[in-house]
Amino acid sequence: MAVMGIQMVVTLLVASLMQRVSPHYSFGRWLLCNGSLFRYKHPTEEELRTLAGKQKPKAKKERRTNGVAEEKPLTVPKDIDLRLDTQPINTMDALVLRYFLEYQWFIDFALYSTIIYLFTEAYYCVVDAQNEINIGVLWCLMSIIFSIKVLFTVMKHYFRSEEGGERSVCMTFAFFFLLIAMIVTIVRDEYLEFGLEPGLASVCHNLENFLAQQGWQWSMPFVKLAFKIALVALCAFLGGCLTFPGLRLAQTHLDALKMAADRPMLQLLLHMSFLPPVIVVVLWIRPITRDFLLNAPMGKESVELMSNSAYNTFRLWIIVLLCLLRFCLTRFHLQAYLCLADRWVEQMKREAGRISMLEIQRKISRIFCYLTVVALQYLAPVILTFHCVFMLKSLGDYSWGLYPEPPGFSPVVDSSPVQSHSPTSEEEEDTEDVQAAVEQIMGVLTSLRGLFTPLFFRGIFSFLTWWVSVCQIITSLFGLYFHQYLGAS
């Protein structure tokens, strides 16, 4: 409590509130069950028999002729005039959804993490609390970890598929993203301004001083190589996890545009919500954005449109606003997915032959049961990007523009020995031994905390934010091509 102060109090209050309020009111549950989304109900066997012109099966005694039971008809023509009834999604309907509890907990946790982060930002604006641990950063870090965990859980679902096609798609894209990440990590900062190399150099310098203080020797080039290998492996893993979310986003985007054919303003917003990954990627390409804005050509002269700190703030706000825009259009994408049931029925009517009643019911029910999976695929990348930006701002010592940006610094590990007083008695000797041990432990913890500089955090979270957008661009563009040309053929 003394270390974190009021932040710990607010954290405990929010955690208690989350535990007590979530069973009664859940933001994630409200997103699905507020009455704006409607599902298509599958037809009963009696309705299908009526549409097919078949009589109701006779009683069990009447169906036996010469000791042989008459088989129950299970198929109907595909071209029957089937029209699906709709019903708003309520809480009881949502309980049968796949991964509904995981979805509800994840969305609620992301919301409370954002609330705590906003509180800590306001607290840091009012109070000089630079020596306190920023508890909001810890919540954002957990949101990032849970976002990746949710995406991995959904990806594992595809790996359990019996057909194996989804598994091959994920592995192919993961290997493809591995190659791209290997290329990106060797691009100089003059083109992609992540700042990974300066940040890694500062960490290695502090680590070398820390190890020398402990009497250890370590090869710094090996540390840099191991870090880059781990970063490339993480990029490939994220690429595999973001494969099907990107493909699904492309499908729901096309379907949402068809639903909004008579609403041009909504179509404009849908197009704008599809472009955020492209804008985020461009924001870190130095010759196109920062160099242009800092030295904009005006005739024969160059004009500085904004400063370096102003551009950093501008980039943070742009990403936050784009994430909020995509979040606000969640309902239209989810409804576009639910309308796949009606589209499938219309496609079935244009085909010849017969189809099982059970298959019709199963297909329509399956679309609704996977609604939360689609919601996680849509919202998890948004939440991941959103909280990566929060981490970039706080740990990278950036500013929202509401107060001056603190200067970046690279703390050097202090190698001075811990001072201790000479004991005067046995009791004082024991007490001072404990104090010396505590001081030594605190000194080691302080040194470990000083290893990771704001320059390093700027590099790592800039890269992660940029990489998530790259994965979304590639997978969603491939999804557009697949659903428009390959899927339609």
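Cβ atoms are placed via backbone N, Cα and C, with glycine included.
Within the chain, the signal peptide (1-23) has long-range Cβ neighbours (under 8 A, six or more residues past its boundaries) at 104-105, 108-109, 112, 115-116, 119-120, 123, 129, 132-136, 139. The feature signal peptide is assigned by Swiss-Prot to 1-23, with sequence analysis given as support.
Here Swiss-Prot flags 24-98 (among others) as topological domain 'Extracellular', drawing on sequence analysis.
Following the DSSP three-state reduction, the secondary structure of Asn34 (N-linked glycosylation site) is coil. Look at Swiss-Prot and you will find Asn34 tagged as N-linked glycosylation site.
Positions annotated as transmembrane segment by Swiss-Prot, on the basis of sequence analysis: 99-119 (among others). Sequence-distant neighbours of the transmembrane segment (99-119) (same chain, 6+ residues past either end, Cβ-Cβ under 8 Å): 10-11, 14-15, 17-18, 22, 26-29, 31, 135-137, 139-140, 142-143, 146-147, 150, 153-154, 372-373, 375-376, 379-380, 383, 386-387, 390, 394.
Mean per-residue pLDDT, taken over the topological domain 'Cytoplasmic' (120-134), amounts to 78. Annotated topological domain 'Cytoplasmic' per Swiss-Prot: 120-134 (among others), in sequence order, evidence recorded as sequence analysis.
Positions annotated as transmembrane segment by Swiss-Prot, on the basis of sequence analysis: 135-155 (among others).
If you look up Swiss-Prot, you'll see 156-166 (among others) marked as topological domain 'Extracellular', on the strength of sequence analysis.
Look at Swiss-Prot and you will find 167-187 (among others) tagged as transmembrane segment, backed by sequence analysis.
Annotated topological domain 'Cytoplasmic' per Swiss-Prot: 188-224 (among others), in sequence order.
For the transmembrane segment (225-245), the residues of the chain that approach it from at least six positions outside its boundaries are 148, 151-152, 154-155, 158, 166, 169-171, 173-178, 180-182, 184-185, 200, 377-378, 380-381, 463, 467-468, 471-472, 475, judged by C-beta separation under 8 angstroms. Residues or ranges marked as transmembrane segment in Swiss-Prot (evidence: sequence analysis): 225-245 (among others).
Here Swiss-Prot flags 246-264 (among others) as topological domain 'Extracellular'. Distant neighbours of the topological domain 'Extracellular' (246-264): 270-271, 274, 329, 332-337, 339-340, 343, 374, 377-378, 471-472, 474-480, 482-484; these residues of the same chain sit at least 6 beyond its ends, with a Cβ under 8 Å from one of its Cβ atoms.
The annotation transmembrane segment is assigned in Swiss-Prot to 265-285 (among others).
If you look up Swiss-Prot, you'll see 286-304 (among others) marked as topological domain 'Cytoplasmic'. Within the chain carrying the topological domain 'Cytoplasmic' (286-304), a Cβ under 8 angstroms from the stretch's Cβ atoms is held by residues 189-193, 311, all 6 or more beyond its ends.
Long-range contacts of the transmembrane segment (305-325) within the same chain, counting only residues at least 6 positions beyond its ends with a Cβ under 8 Å from a Cβ of the stretch, are 269, 272-273, 276, 279-280, 283, 289-290, 293-294, 296, 382, 385-386, 389, 392-393, 398-401, 405, 465. The transmembrane segment annotation in Swiss-Prot covers 305-325 (among others), and the record cites sequence analysis as its basis.
Marked as topological domain 'Extracellular' by Swiss-Prot: 326-370 (among others). Taking Cβ pairs closer than 8 Å, the topological domain 'Extracellular' (326-370) reaches residues 31-32, 36-43, 45, 48, 74-82, 84, 93, 96-98, 248-249, 251-253, 255-256, 258-260, 266, 269-270, 273, 276, 378-379, 382 in its own chain, all 6 or more past its ends.
Swiss-Prot lists 371-391 (among others) with the feature transmembrane segment.
For the transmembrane segment (265-285), the partner stretch with the most Cβ pairs below 8 Å, chosen from 135-155, 167-187, 371-391, 460-480, is 460-480. Counting Cβ pairs under 8 Å to the transmembrane segment (460-480), the stretch among 135-155, 167-187, 371-391 with the most such contacts is 371-391. A sphere of 10 angstroms centred on the C-beta of Asn34 (N-linked glycosylation site) encloses 12 other C-beta atoms. Tertiary proximity for the transmembrane segment (371-391) is limited to same-chain residues at least six positions away from its ends with a CB under 8 Å from its CB atoms, namely 31-32, 39, 89, 94, 97-100, 102-103, 106-107, 110, 113-114, 117, 136-137, 140-141, 143-144, 147-148, 150-151, 154, 157, 242, 244-245, 248-249, 252, 280, 316, 319-320, 323, 326-327, 330, 333-334, 337-338, 457, 461, 464-465, 468-469, 472.
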